[in-house]
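Engineer: Found this in TrEMBL, in case it helps:
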ACT_SITE  His164  active site, proton donor
BINDING   His164, Asn165, Ala166, Val167, His168, Asp205, Asp314, Gln365  AMP binding site
BINDING   His168, His204, Asp205, Asp314  Zn(2+) 1 binding site
BINDING   Asp205  Zn(2+) 2 binding site
REGION    404-440  region 'Disordered'
Amino acid sequence: MLAVTNKTIKPSFVFTPDVRVRSQVGFEPERRGSHPYLGVDFRTLHSRAESAGSIPARRVRRLFSFQRHLLSSRLLRGAPHLNPLHILDEDYCGQAKCMLEKVGSWNFDIFLFDRLTNGNSLVFLTFHLLNQYGLIELFQLDMVKVRQFLVLVQEDYHNQNPYHNAVHAADVTQAMHCYLREPKLAQSLTSFDILLGLLAAATHDLDHPGVNQPFLIKTNHYLAALYRNTSVLENHHWRSAVGLLRETELFSHLPAEDSLSIERQLGSLILATDISRQNEYLSRFRTHLDENNLCLGHASHRHFVLQMALKCADICNPCRPWELSKQWSEKVTEEFFHQGDIEKKHKLEISPLCDSEANTIASVQIGFMTYVVEPLFAEWARFSDTRLSQTMLGHLGLNKASWSAMDPEASGSSEEGESEPGRATEEPSSRALSQGSQES
């Protein structure tokens, strides 16, 4: 447990509109708002210098957005509002509050919740969970800083991305909450573990460009060079999250070593979502289960289980009810095909799953379920054999059957490559899914 004190610590990282000062400890976080990825030539630099002495328009927009959010958030707290120009209609706010009472339900409709909160699902849901777990009070967090941090996180997701946007982050955070309530985890996780899990879920795809790592590598994007072609997106998500933590000084009241510990462990969780390392984590998880040697009394084992929980939350869409799962499938495939269109435009090799002329939503989803989702959730069910796990596997089977009915040819090819049920394979199609998948 972190030692929480009232001691004020000067932030080791100072942000100004145009200047970043490197911390004497830790690392330098990523700068925000400099990567308008889509619809541009990726072989050129994207950053644009701000006019000297001027306040960036993005910063001004954030200030206004935060003020609007503070006003609307009074409704969720039940406090009276003086200004009638709030962004949430009272009827909609009441429905959103009712939905939050069932935030632990696996049938939670994040799309409806996002509409009811006027596009602020990530802010409202994450703040509610932090408060529900008692983390704001326990860690003596400043509520204004918490709200500011969450608003900035939400705004740093790209709404133009069909899939990797703030709604996906809110969905993953809600799924993470469901897993944190599972008996094995609820009985063993500390408040610090829960705080890390929720923060990692909310920020795990922060500033996602809507394209995958191989795309950044083959277009010589500077992020690929910065992270040496290794977990490029995940490193960027992590360091972007750290940048916001330091800018808002959310943990500035904690001892410096505790703040750095939060940053490092947050990175460890986010880096675990790298789909190219799927078999590595799955094999380790399977070995623990085969040998029955997971001891949740050990911090390292709890952290590993949190990594696996986040991995499950990140790709749980095929395990949701069909009405929700189908929407996510359509959105992620749209994002795949958008990348393929950019690759065609620049005469680049089209990435796996991104050619709209060679793939369908059904074929993409059947392959993804067969080679990535089923092996992971089969092992999770071994670890946590609960009603929720059986519900997820049930939805997964029904959803796969629904897609198979739409594309029997894709279903047949996936079954030929499948060996032992629940075991990851290394067929060519599996490797292609790892390269082309952006559901992480």
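From the backbone N, Cα and C atoms, a Cβ is placed for every residue, glycine too.
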Engineer: Any idea of the Cα spread of the AMP site, His164, Asn165, Ala166, Val167, His168, Asp205, Asp314, Gln365, as a max distance in Å?
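Structural biologist: Spelled out: the longest distance between any two Cα atoms in His164, Asn165, Ala166, Val167, His168, Asp205, Asp314, Gln365 is 22 Å.
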Engineer: List, in sequence order, those binding-site residues among Asn165, Val167, Asp314 whose Cα sits within 10 Å of the Cα of His204 (Zn(2+) 1 binding site).
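Structural biologist: For His204 (Zn(2+) 1 binding site), the binding-site residues whose Cα atoms are within 10 Å come to Asp314.
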Engineer: So which binding-site residues out of Asp205, Asp314, Gln365 end up within 10 angstroms of the residue listed as 'active site, proton donor', measuring C-alpha to C-alpha?
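Structural biologist: Those close enough are Asp205.
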